[in-house]
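In Swiss-Prot this protein carries:
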- C24-C53: disulfide bond (DISULFID)
- C31-C46: disulfide bond (DISULFID)
- C36-C54: disulfide bond (DISULFID)
- Q16: pyrrolidone carboxylic acid (MOD_RES)
Amino acid sequence: LALLFLVLSAGSGFTQGVRNFVTCRINRGFCVPIRCPGHRRQIGTCLAPQIKCCR
C-alpha cells in the first residue's frame, strides 16, 4: 500500500493539485459533478474539469 501511494503521489504531482479520482480519494476527498456542498472546498478535479474533488 505504501509503494502504491508513493507511485501515485510521484506521478500525480501533489504540488499541482488533485487531478484524478485516486488522488482525490487519497487526499480524503470525494468527486461531485456540482459545486462542493456545505463547508467543503474544492481541492482539485476528477478527470474532467467539470467534476470537482471536494474535501
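For all residues, glycine too, the Cβ spot is worked out from N, Cα and C.
Distances between the Cα of C36 (disulfide bond) and those of the disulfide-bonded residues C24, C46, C53 are shortest for C53.
There are 20 other Cβ atoms within 10 Å of the Cβ belonging to C54 (disulfide bond).
Secondary structure from DSSP puts C36 (disulfide bond) in coil. With a cut-off of 8 Å between CB atoms and residues at least 6 apart in sequence, the same chain places V18, T23, C24, N27, G29, F30, C31, Q42, I43, G44, T45, C46 near C53 (disulfide bond), listed in sequence order.
C24 (disulfide bond): 24 other CB atoms within 10 A of its CB, across all protein chains. The most crowded of the disulfide-bonded residues listed here (C31, C36, C46) is C46, judged by how many other CB atoms sit within 10 Å of its own CB.
DSSP assigns C46 (disulfide bond) to a strand.
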